[in-house]
Every structure is written in structure tokens, then in C-alpha cells.
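Asks: Structure below; questions to follow.
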Amino acid sequence: MPRRGAEAPLALLLAAAWLAQPLRGGYHGVSMFAVQTAQPDPCYDEHGLPRRCIPDFVNSAFGKEVKVSSTCGKPPSRYCVVTEKGEEQVRSCHLCNASDPKRAHPPSFLTDLNNPHNLTCWQSDSYVQYPHNVTLTLSLGKKFEVTYVSLQFCSPRPESMAIHKSMDYGKTWVPFQFYSTQCRKMYNKPSRAAITKQNEQEAVCTDSHTDVRPLSGGLIAFSTLDGRPTAHDFDNSPVLQDWVTATDIRVTFSRLHTFGDESEDDSELARDSYFYAVSDLQVGGRCKCNGHASRCVRDRDDSLVCDCKHNTAGPECDRCKPFHYDRPWQRATAREANECVACNCNLHARRCRFNMELYKLSGRKSGGVCLNCRHNTAGRHCHYCKEGFYRDLSKPISHRKACKECDCHPVGAAGQTCNQTTGQCPCKDGVTGITCNRCAKGYQQSRSPIAPCIKIPAAPPTTAASSTEEPADCDSYCKASKGKLKINMKKYCKKDY
């Protein structure tokens with residue numbers, strides 16, 4: 001006879017957790033009788049500073065479709081319920097008929113409203129025995145951080161059962177927990193193996209909650225963090241944060257409990273007594289938002305997503321939103337909100353990128369690099385004027401016209417780049433002016449655009465000083481040199497020299 005299990009303590013703990021954290025199937029429903037008042041945003045404190053926030057604790061399985069591999073009633077079939085009166089076992093047989101609502105046991109009963117006074121039970125075909133199995137597959141619709149998975153049975157609990165999870169919407173599956181009276185034989189796992197820091201992200205097998213009794217109403221409840229060494233420091237344990245994350249849950253009933261009578265002469269009646277029946281499947285947890293959202297909502301595609309705050313984005317608030325790359329994305333903790341910070345581009349850029357090397361060099365304060373600076377600015381922060389422009393100090397650096405064109409004279413200047421602060425152009429010898437547009441004192445205009453100003457020759461002692469006045473015919477005096485230099489010499493002479 002199988003051992004009698006002690007399930008009451010875990011059941012009481014789950015009941016206490018459910019009372020402390022009310023389970024809700026919805027995500028932003030409002031009662032029609034509620035007074036509509038503006039509620040403070042849980043993601044910010046009373047001073048408007050960011051802080052960690054998390055969505056409500058919910059039964060994420062409530063109302064969702066469960067895909068099952070076996071359901072009785074197609075075609076109608078007999079099943080027999082075994083009850084105990086003292087030491088005597090009594091069988092009462094019934095008909096499962098999927099086309100008759102009063103006799104159907106569909107998968108929707110797994111996740112409907114669980115009323116202890118009016119239990120509805122999903123039920124498998126009779127005697128689906130090892131090596132065949134029955135699976136229940138639940139899609140949560142997005143990533144959740146799962147706290148527990150529980151099943152309330154209308155039949156005896158399975159002799160062997162496995163729980164798997166997927167993190168990629170059912171593409172791949174990893175073990176979550178195993179239950180069996182023969183862990184090694186069924187799952188090649190030792191029974192009740194110790195969990196250490198080295199293996200705390202591994203599924204274990206236990207023989208608890210596998211007794212055949214009670215024949216109805218038994219509970220199997222798997223707590224994802226129970227016994228995990230770093231559960232007390234969950235904020236700083238990426239391993240466990242990954243461990244509790246799931247998009248889908250699959251329960252596999254591997255082997256039925258029997259009383260050893262399935263091989264007797266009246267084996268058909270006996271086998272009709274062996275099936276899996278579950279009244280309630282719950283997956284308790286929170287919408288995974290990494291501490292950057294207080295609720296999940298439906299987007300335009302009717303997909304469940306986090307209502308992200310702290311300048312984050314993504315279905316799980318798992319990245320920084322555009323232009324907020326001044327420091328790397330991090331999960332929020334109880335101590336730090338770790339909000340994403342906008343790049344400092346002085347209003348001259350719309351895009352930026354993150355550079356880890358710069359971030360480290362800054363003492364982990366700033367790593368943003370602005371891209372495609374506008375308004376004639378340049379630099380990592382668009383904080384200085386690009387070549388050919390200089391700062392207008394009468395305007396802040398964030399002003400659209402903070403940079404003025406150098407306007408260096410095409411002949412008098414040695415280049416088109418001016419001083420970033422004063423705007424002074426680099427003048428050729430003998431040329432002066434902020435744009436290099438006139439000859440300096442003691443110099444006169446020459447005929448050469450290469451050396452436009454030459455020193456005034458000293459006057460001979462016996463003759464009067466030569467006149468330095470501009471000749472009447474400027475075009476005849478200023479003849480452009482042959483070459484590729486294109487310039488209107490008449491304009492150059494008359495306006496600037």
C-alpha cells in the first residue's frame with residue numbers, strides 16, 4: 001500500500017499566500033461602482049523619483065485555454081469513481097459524454113472559477129497508463145515570474161508526474177519539477193536531492209505528494225523558490241530570476257496509481273476506475289516586467305505587455321527606450337530603480353548609442369554617444385561647433401543657432417576653420433580682421449591671391465612717399481592668377497581691400 005503523504009503544511013502555506021495576494025484573472029478591470037480617483041503611480045515616490053514597481057500577483061492560468069492530449073467523452077465512455085467506506089472500496093460508475101454538458105469534462109474546467117461547493121473537473125480517458133502519458137499545456141501569453149504551480153485533483157494523484165516550462169513560447173522545454181515514488185526509474189533522478197548554489201537552477205524529483213490517498217481532493221503544489229539557496233537575495237540572483245521565468249507550463253501525467261486489480265478477471269471494470277481528473281490548475285505569479293512596470297496591459301495586437309516606466313521599453317521592459325542609452329539597461333531592485341537615462345545631446349541629435357568603454361572611463365556614469373549631430377554641432381554630446389563654425393556665446397549650446405559660420409575670406413584666410421570661441425579666422429601674412437578681409441597696418445594690397453597683402457616698401461630719402469591709395473581701375477590692378485582658384489576679384493578688391 002502506498003505511503004500516506006503529509007500535504008497539509010504546504011496547502012496551508014499556499015492558502016495563506018493566496019489570501020495575502022488576491023488572485024485576479026484580469027489586468028486592468030474597474031468595478032462599475034468604484035469611485036474614479038487619480039491613483040499615484042507606484043513606479044514613482046511622493047517626490048516623483050523612480051522606484052521599483054511590480055505588477056499584481058495573479059493566477060495567470062485563470063480563464064486561459066489548456067491544451068490536453070486526452071479528454072474523455074469522445075466517444076461517450078464509462079468511468080468509475082472509487083470511494084472508501086471504512087476499509088471497503090465502493091465503485092460508482094458514470095458516463096462521460098462530451099456532447100452532453102451535464103456529463104462532459106472539458107479542459108475549460110481546469111481554469112474556470114474554482115467553487116469548492118460545485119467542483120467542475122476535467123477528466124482524461126480511462127487507463128492511459130505508462131509508457132503512454134497525458135499532458136496539459138498552458139500558454140501564459142508572455143513571460144511571467146512564476147511563484148507556484150498547483151493542481152487540485154478529483155481523482156487520486158498520479159504516481160509519477162512532471163512539470164516543464166518554456167521560456168520561448170513553446171519552442172523548447174526544460175524540466176521544472178518531478179514527482180514519483182520511483183524517481184530514478186521514471187526520471188533518472190535521485191529522490192529528494194539536495195539543492196545547492198551550484199544546481200539551484202535544476203529540477204529535482206521528490207516522492208512527496210504521490211500517495212494514492214486521498215482518492216479525491218488531493219493537492220500537488222510546486223513552489224519554484226522553495227529550498228533554493230539564494231532565494232533570499234532574489235534581486236541579485238540572475239540565475240533564479242531566469243529559473244522562475246516562463247511563457248508556458250506543461251504538466252505531464254506519466255503513471256497512474258492502481259490498486260493492483262487491473263489485471264483481474266473483471267479488469268475492464270477495474271480499468272475504468274483509473275484516470276486523471278483535475279478540478280483546478282493554477283499558476284501563481286507576476287507579469288515579468290523587471291521592476292519597471294506596475295501592471296500589464298493589452299497592446300494594439302491584443303498581446304499582453306508591460307506598461308513600462310523608467311524610460312524602458314519591450315514586452316518585459318527589458319531594454320531602454322530609444323535615445324535613453326546613457327547607461328546600460330538594468331533590472332530594478334529594492335534599492336535602485338535603475339531607470340534608463342537619456343543621452344545628453346544638447347537638443348541637437350535624435351539618436352545615440354551606448355559605448356561601454358566610455359561608460360567605464362566615466363566611472364560608470366555616462367556612456368551615451370550622440371549620432372548625426374544637427375545645427376552645425378559635433379562631438380560626443382554635440383557640445384561644440386563643427387569645422388567651419390564657431391560658438392555664438394550669446395546663446396546657450398542647446399540653441400539651434402548656437403554655432404555661427406566662420407565666413408573666412410577665400411583669399412585672405414589661410415583656411416576655412418576659425419577659432420571655436422572667438423570666430424577668428426587664420427589670416428595669411430599681412431592680412432587682418434576677424435574674417436581676414438583687409439591688409440594689416442603697414443601692408444598694402446598685392447596682385448597675388450596667394451600673398452594678397454605685402455609690406456609697404458620704405459620711401460627713398462630723396463623722394464616723397466608713394467601713395468597707398470587704391471588705383472582707380474581695380475580690375476586692372478587685381479588680376480587673378482592662372483589656376484583653379486575661382487573668385488570675383490572685383491568684389492574682393494572693392495569690398496574687402
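The backbone N, Cα and C atoms fix where each Cβ goes, and this holds for glycine too.
Heads up, TrEMBL stuff is auto-annotated, nobody curated it.
The structure displayed is predicted, hence computed values, not measured ones.
Look at TrEMBL and you will find 1-25 tagged as signal peptide. TrEMBL lists 49-286 with the feature domain 'Laminin N-terminal'. Summarising the annotation, TrEMBL assigns disulfide bond to CYS406-CYS418, CYS408-CYS425, CYS427-CYS436, CYS439-CYS453. Residues or ranges marked as domain 'Laminin EGF-like' in TrEMBL: 406-455.
Neighbours and distances for these, please.
Replies: Taken residue by residue with DSSP, CYS418 (disulfide bond) is part of neither helix nor strand, so it is coil.
Averaged over the domain 'Laminin EGF-like' (406-455), the predicted model reaches a pLDDT of 92.
In the three-state DSSP assignment, the secondary structure recorded for CYS408 (disulfide bond) is coil.
Cβ neighbours within 10 Å of CYS436 (disulfide bond), excluding its own Cβ and spanning all shown chains: 26. DSSP assigns CYS436 (disulfide bond) to coil, not to a helix or a strand.
The Cβ neighbour count for CYS439 (disulfide bond), using a 10 Å radius over every protein chain in view, is 23.
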Asks: Identify, in sequence order, the residues in the chain of CYS427 (disulfide bond) that are 6 or more apart from it along the sequence and have a CB within less than 8 Å of its CB; answer 'none' if there are none.
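Replies: Counting only residues 6 or more apart in sequence, the Cβ neighbours of CYS427 (disulfide bond) under 8 Å are GLY412, ALA413, ALA414, GLY433, CYS436.
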Asks: Can you name the residues of this chain that are 6 or more positions from CYS425 (disulfide bond) yet have a C-beta less than 8 Å from its C-beta?
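Replies: Sequence-distant Cβ neighbours: CYS406, ASP407, CYS408, HIS409, GLY412, ALA413, ALA414, GLY415, GLN416, CYS418, ASN419, ILE434, THR435, CYS436.
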